[in-house]
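**Q** Below, the features straight out of TrEMBL:
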ACT_SITE  304  active site, proton acceptor
BINDING   380, 384, 385, 386, 387, 388, 389, 390, 391, 417, 462, 513  CoA binding site
BINDING   413, 415, 426  (R)-carnitine binding site
DOMAIN    27-118  domain 'Choline/carnitine acyltransferase'
DOMAIN    126-566  domain 'Choline/carnitine acyltransferase'
C-alpha cells in the first residue's frame, strides 16, 4: 500500500482544471452598514449586555456618514477594483506566514486514512469553484524567516521536479519517480526503490535535522540561516523543498487498543509522537507529507499556508481509490540507481538547535489532549431525513454540548470556503447565533417546546453559511477594514480596540467540516489556550470527530466534550422524533 501513495506524483494536472478560472467573479467587499449590523448580531449571544451597549455606540460612530469607517470602506473598494482578490495576499501573510507559533499542532492539520482493510472540475450548488489551490500543493514548501515566512512553488518551473523525498529513521533520500525516458516508475519499481531506502537506513540517525522544522518559527528561522550556510546542507534542504512531496516511513508507534487506534494514529499524523518516536521523521514545512507507519497506519500532514482542507481531501479520495486498482504496466528490466541520500553537516550550534527543538516538541506533545470519536448512532442520514442541513445540525449540537459543559455560549469559528471567487480562501461561519443560544438555553427546560427552536437554530446556521460562501460574512471584511486602517491611519479605530472585538476573535471552539468520500478524519489543535479544535467528517451512517484541547488548561477536556457532543446529538435526534416529519 505504501508505494501506491507515491504514484500520486504521477498525476499531472492539465490546463483544463483552470477552464473556468478567468470567469470566476472577484471576491466582493460587503456593504459597511450590513457588516456592522451583523457584527452586533453575532456579539449578542457571547457578550454581556453592558459591554454590548458600549460596543453599539462605537459601531454607530464607526459607520456614520463621512466617518472613519466610510473612508476605510472606500479604500478597501479601491483595492478590490485593482486586485485579483483584495483579501488573498493579506490573508496568506497575516494568517500563516507572519504567524510565529510552530506549524505543528498550531497550524498544520493531520489526516488519518481508513484503517486498511476526480472529476476535472469541482462545483458547489452548480457554480464552479476556484481550482488554484491544487496547483500550490505539489512541489511547494514553506521557507522560514526570522520575522515572517514565505512559500516557494517549483511546479511551474520550465523543468518541474521529477523526484519525491523519502524519510526513514530520520534520514532523507531523493527518489526520482520518472525513468530516463520520462515514463513514470511502475509500482514494482517504486517498491524496489523504497526497499533500498529502508535497507540502507536501518539505524536511526543520531541527529534528526527534520525536527528543527517543528520549532517556533523565529527560532527555526535563525537555525535555518545557520543550517544553509553550509553548501552540502543547502543542497540537501533545496532537494527537500523542490520535491513533489515527502513520504515519511515511520518506525513503530506504541501499540493501541482498537478503540484507541484512531486517536493514536491522529497524534502520529499531527506531530509524530515526540522526539522519541517519529517527530524527527518529518519536514514540517513541506506542503504535503504522506505518512506510512510500520503497523499500516496511513495518513498525511499538510502545511496550511498554500491550501485548505477540501482540496487535500479530494486528493486523498483520489489516492485511496488509486490504491484499490491493480497495476498492469510492465516493469522495465533495466535496474535503477540507488536513491540519493541527502547529507547534513551538523555543527555544534546546529546540534544545540536540534536539542532545543526536541525539548520544545516534547512539551507540545505532552500538552496536546486528543480524542478521535466515531459517533456511530447515525450520520448525515438523520438530519437529511428531516430536511435539515447535516453540518448545521452538528454545529448546533456543538453549541449545546459546550453550553451544557460551561453554562455559557462562546465565540465559535467554522471555516467557510470562498472558492466560488477567484483565489478565494475562507471566511468565518459564526455558529454561536441568537437562535442557537435561545435553543441551547431552553433545551434542558422541560416546560418549553423546543423542536421549533431547534429547527430555527439549524436554519439560521444554514443561512449564515450561505451568506458566508457568497462573500457576505463579516470577519474577513472587518479584517480588511482593520488592515486598511493600518495602511492608512496612524491609530486603529476604537471598534478594533474594543473588548468585544477581542472576545469575538477568541475562538473557544475552532471547528471545520471536512467531508470526504473516504472514511477518514482530519485533526488540528485548538487556536486558543483554553479552547478546542473540532474537525469532523459526516458519513452517511456515522460521523468521525477529532477533538483536541490542551492539558495545560484545567477547564478543557477532549474526552468530556466528545461525551457531551454524543449526548447532544442523541438528545436532538430524540427531540426530532417527537414531531412527525411532515410538520417540519
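Including glycine, each Cβ sits where the backbone N, Cα and C put it.
Please go over these features one by one and say how buried each is and what sits next to it.
**A** Listed in sequence order, the residues of the same chain lying 6 or more apart from residue 304 (active site, proton acceptor) and placing their CB within less than 8 Å of its CB are 96, 103, 107, 108, 109.
Within the same chain, the residues at least 6 positions away from residue 462 (CoA binding site) whose Cβ sits under 8 Å from its Cβ are 389, 391, 392, listed in sequence order.
The local packing around residue 426 ((R)-carnitine binding site), expressed as other Cβ atoms within 10 Å of its Cβ over all shown chains, amounts to 23.
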**Q** In Å, rounded, how far does the Cα of residue 415 ((R)-carnitine binding site) sit from the Cα of residue 380 (CoA binding site)?
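**A** One finds 19 Å between the Cα atoms of these residues.
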**Q** Quick check for the class: what is the C-alpha distance, in angstrom and rounded, between residue 413 ((R)-carnitine binding site) and residue 380 (CoA binding site)?
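**A** Answer for this pair: 21 Å between alpha carbons.
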**Q** Other residues with Cβ within 8 Å of the Cβ centroid of 413, 415, 426 at the (R)-carnitine site?
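**A** Filtered neighbour residues, in order: 414, 416, 427, 428, 429, 512.
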**Q** Any idea of the Cα spread of the CoA site, 380, 384, 385, 386, 387, 388, 389, 390, 391, 417, 462, 513, as a max distance in Å?
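**A** That value is 25 Å for the farthest Cα pair.
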**Q** Which whole-number mean pLDDT does the model give the domain 'Choline/carnitine acyltransferase' (27-118)?
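**A** Within the domain 'Choline/carnitine acyltransferase' (27-118), the model's average pLDDT equals 89.
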**Q** Measure between the Cα atoms of every pair in 413, 415, 426, the residues the record assigns to (R)-carnitine, and report the largest value in Å, rounded to a whole number.
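**A** Comparing all Cα pairs, the maximum is 11 Å.
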**Q** Where the distance is taken from Cα to Cα, which of the binding-site residues 380, 385, 387 turns out closest to residue 426 ((R)-carnitine binding site)?
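**A** Closest by Cα distance to residue 426 ((R)-carnitine binding site) among the binding-site residues 380, 385, 387: 380.
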**Q** Just to confirm: which same-chain residues, 6+ apart in sequence, have a Cβ under 8 Å from the Cβ of residue 380 (CoA binding site)?
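**A** Looking at Cβ-Cβ distances below 8 Å from residue 380 (CoA binding site), excluding near sequence neighbours, one finds 390, 538, 539, 540.
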